[in-house]
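Peer 1: Next up is a structure, given as structure tokens.
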Amino acid sequence: MPFGNTHNKWKLNYSAAEEFPDLSKHNNHMAKALTLDIYKKLRDKETPSGFTLDDVIQTGVDNPGHPFIMTVGCVAGDEECYEVFKDLFDPVIEDRHGGYKPTDKHKTDLNQDNLKGGDDLDPNYVLSSRVRTGRSIKGIALPPHCSRGERRLVEKLCIEGLATLTGEFQGKYYPLSTMSDAEQQQLIDDHFLFDKPISPLLLASGMARDWPDGRGIWHNNDKSFLVWVNEEDHLRVISMQKGGNMKEVFRRFCVGLKKIEEIFVKAGRGFMWNEHLGYVLTCPSNLGTGLRGGVHVKIPHLCKHEKFSEVLKRTRLQKRGTGGVDTEAVGSIYDISNADRLGFSEVEQVQMVVDGVKLMVEMEKRLENGKSIDDLIPAQK
């Protein structure tokens, strides 16, 4: 699916009704929120870097969504998008983030000492633990809209900045352009590297332009702390390791992330943040903390139980297949993570994962012994 260049005034020769996209078969947040009135009001506006309403919505027009999975259907091309096109983004954000209002303020908490427990998840069930977030560099357009020069600047800032990390964070940068196909595939299979840009959502939003120019992966020597450069966001920061010690994974995440932010601020390049949206990222689904704390957990009995989806809903968690979003679970191994990004702090979100997964393991053990789990079903968080 090619990226349609929509940055032009030519279409203003046609009325809003003539240009309004056909969203009759769509199941995404953008399609739900976009009315002809909103389209009419916003279609001739653009951000300082030239991103238009049609650029915002194109990925959601081209990808109607899935009957059972509500996708977001819009992206931001720069920091100003969320303000210039707020008539569309505000209802999308409110819908996607459980009623988060335009007047609400987000909270940030990256103090790892505030996490309770998390070092005792049973490694016979919890196979690996991971925490990730995204960060955007102020003053540079986001991946759907950035120029080649901007993208290369992001890469240069990352290479120079990350090279100064020491101790457990000492590592090396590997540009995608010099990697062999076999090396790339190995890193993807090991869950260290982002996939090749085959996702229609990525392609239709313009994020895959000039691939693999300016993209790469940096990781520390232990491969337990990684930074993806110029995929869906300028930076994706990831802390991960085998087993169930989420406390250690979160400690490394918080310490490493603070070090990276200090490096960028020192270079005169802070991250996009405001008190309403928290950290500003490309996809509205990641606003706030941008954090996804996830574990791979083996739950062959619980995953077949009729109450499984109810347990997930009540603990504010979501499940994905073993390989991440849009994949199947292999050998009853699920990727369980926090459903929220906005309105809860980093500590609160990881706490939900720790508490919820601990409960799921307890349920799995009960079911192994043929016992009921009805008394373990939690109240709604």
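Quick reminder: no glycine exception, Cβ is built from N, Cα and C everywhere.
Taken from Swiss-Prot, the feature ATP binding site covers 128-132, His191, Arg236, Arg292, 320-325, Asp335, and the record attributes it to sequence analysis. Annotation comment: Swiss-Prot describes 11-98 as domain 'Phosphagen kinase N-terminal', evidence class sequence analysis. The domain 'Phosphagen kinase C-terminal' annotation in Swiss-Prot covers 125-367, and the record cites sequence analysis as its basis.
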Peer 1: Taking only the residues in the domain 'Phosphagen kinase C-terminal' (125-367), give me the average pLDDT of this model.
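Peer 2: For the domain 'Phosphagen kinase C-terminal' (125-367), the model's average pLDDT rounds to 93.
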Peer 1: Can you give me the same-chain residues 6 or more apart in sequence from Ser128 (ATP binding site) with a CB-CB distance under 8 Å?
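Peer 2: Set apart from Ser128 (ATP binding site) by at least 6 residues yet with Cβ under 8 Å, we have Met240, Gln241, Lys242, Gly243, Val295, His296.
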Peer 1: Using DSSP, what is the helix/strand/coil residue split across the domain 'Phosphagen kinase N-terminal' (11-98)?
Peer 2: 44 helix, 6 strand, 38 coil
Peer 1: Hey, what's the Cβ neighbour count for Arg236 (ATP binding site) at 10 Å?
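Peer 2: Its Cβ has 21 other Cβ atoms within 10 Å.
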Peer 1: According to DSSP, folded down to helix, strand and coil, what is Arg320 (ATP binding site)?
Peer 2: strand
Peer 1: For Arg132 (ATP binding site), what residues in its own chain, 6 or more apart in sequence, show a Cβ-Cβ distance under 8 Å?
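Peer 2: Result: Arg236, Val237, Ile238, Ser239, Leu291, Arg292, Gly294.
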